Amino acid sequence: MNTRTEHDTMGNVEVPSEAYWGAQTQRSRNNFKIGGETLPQPLIYALALVKKAAAATNVSLGRIKPEQADLITQAADDVLNGKLDGQFPLVVWQTGSGTQSNMNMNEVLANRANEIAGTGLAAYQPVHPNDHVNHAQSTNDAFPTAIHVAAAIEINRHLIPAVKALRDTLDKKAQAFAPIVKIGRTHLQDATPLTLGQEFSGYVSQLDHGLGRLNDALKDLYELALGGTAVGTGLNSHPEYAEKAAAKLAELSGLPFVSAPNKFEALGGRDAAVAASGALKTLAASLNKIANDIRWLASGPRCGLGEIKIPENEPGSSIMPGKVNPTQCEAMTMVCCQVFGNDVTIGMAGASGNFELNVYMPVIAYNLLQSIRLLGDACNSFNEHCAVGIEPVPEKIDYFLHHSLMLVTALNRKIGYENAAKVAKTAYKNNKSLRETAVELGLLTGEEFDELVVPADMVHPR
């Protein structure tokens, strides 16, 4: 492999000749051969956006030259356009501040900027990775800013639209299924009736609440640490830098980013990420419940509940011919399990900072962005390949409805709870209908039973 010599404050390092990264990135590659999980692409792009905003702010404040800002901007745009995707090889399992990944970005942008300027790789003139790309920044404020920017962008552009689309599909189903009366179930046992539309309306409401929690979490993610520099004091940054840089990021992203009012919290804690993960976990709990309900309702086709049909997308067994499984439900619930685990990691990592800095940021970023991506993808997949094709099975719904012993609840007001319980237990013991049993016990006439036990009248207060 052909190499070139790069240097940092510890000396010279050989770097692949075609690489845009420099000495500190290469040291990290050499020292942290742990796993294969690299930092997510949205985080890389967010960090490039941070550098672009910083350059624009610094030149406006007279801290770097216009030529340097222009070159950094061009290089950052190359990153954002995907032209340098292969230049960020570092694994998650590195320094907990993300310093090596911050320097990876600084080195790549500096080398690309100097290549554009015609001075070539490793020249670091006219653009230096620390003095110009990283000007008025520390990893300690740039990296958490990138986490917030990446998470906010991904939640807004990927997750929220996916959840809304699934929510809207389920809402359409709820409206279409409104006239269909079915038996309810609690504790996996028969309960009183409701409509299939009411059942689905519960799913819609869960997702509405989930969207609300995501929007609440975004409020904290919009607060940026940039300008806190090393420990939150803003050392080596212009007094106006923090506010202007946040405003520039808001302009570049189209999202309402602001400078965090307290930089010590913004560097020392990762509470916004923990809260966002909590919202993701709660959304996962909702989606897990919805997917489980749907696969139970679709169980069968002959020996299960079978009250609804879901699309048949692929063969389900390598040995049982004709078997089809609820695969979208299974994929969704596996995603939810992963998100639950990610939340545990993020919670522990967020709680483990010391004094002025949290040093678990790469693992927080990795798990947070994975949860966002997986939930968004899973909602899109579940919506497209399952939810839109859900259809009721009226004959199965009607069978269970009229064979349920819990219709006896409608008799409470007429014959009392204890007598109604006697009817249900006797009917079950003798394998007879509720109507027949109530008449045999002398508690009601058949006509009275028919007037009282009307499933369609049991789905609302009366």
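Placed from the backbone N, Cα and C atoms, the Cβ positions cover glycine too.
Bear in mind that the values here come from a model prediction, so they are computed numbers and not experimental data.
According to Swiss-Prot:
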ACT_SITE  His187  active site, proton donor/acceptor
ACT_SITE  Ser317  active site
BINDING   97-99, 128-131, 138-140, Thr186, Ser318, 323-325  substrate binding site
SITE      Glu330  site 'Important for catalytic activity'
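Structural mapping of features recorded in Swiss-Prot.
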residue : record                                  : DSSP class
Ser97   : substrate binding site                  : coil
Pro129  : substrate binding site                  : helix
Thr139  : substrate binding site                  : helix
His187  : active site, proton donor/acceptor      : coil
Ser317  : active site                             : coil
Lys323  : substrate binding site                  : coil
Glu330  : site 'Important for catalytic activity' : helix
(request) Between Thr139 (substrate binding site) and Glu330 (site 'Important for catalytic activity'), find the distance joining the two CA atoms and give it rounded to the nearest Å. (result) 40
(request) Please tell me which one of the recorded positions listed here (His187, Ser317, Glu330) sits closest to Pro129 (substrate binding site), measuring Cα to Cα? (result) Glu330
(message) Please report the Cα separation of Ser317 (active site) and Thr99 (substrate binding site) in Å, rounded to an integer.
(response) 49
(message) For Ser97, Thr99, Thr186, listed as binding-site residues, tell me which one has the smallest number of other Cβ atoms within 10 Å.
(response) Thr186
(request) Give the number of CB atoms, excluding that of Thr139 (substrate binding site) itself, located within 10 Å of its CB. (result) 23
(request) Whole-number Å only: compute the distance from the Cα of Thr99 (substrate binding site) to the Cα of Glu330 (site 'Important for catalytic activity'). (result) 39
(request) Under 8 Å Cβ to Cβ from Glu330 (site 'Important for catalytic activity'), same chain, six or more residues apart: give me those in sequence order, or none if nothing qualifies. (result) Arg295
(message) Just to verify: the residue among Ser317, Asn325 with the fewest other Cβ atoms within 10 Å, which of the recorded positions is it?
(response) Ser317
(request) Calculate the distance in Å between the alpha carbons (Cα) of Asn325 (substrate binding site) and His187 (active site, proton donor/acceptor), and round it to a whole number. (result) 24
(message) Given the binding-site residues Ser97, Asp131, Lys323, find the one whose Cα is closest in space to the Cα of the residue listed as 'active site, proton donor/acceptor'.
(response) Lys323
(request) Mind checking which of His187, Lys323 has the fewest other CB atoms within 10 A of its CB? They're the recorded positions. (result) His187
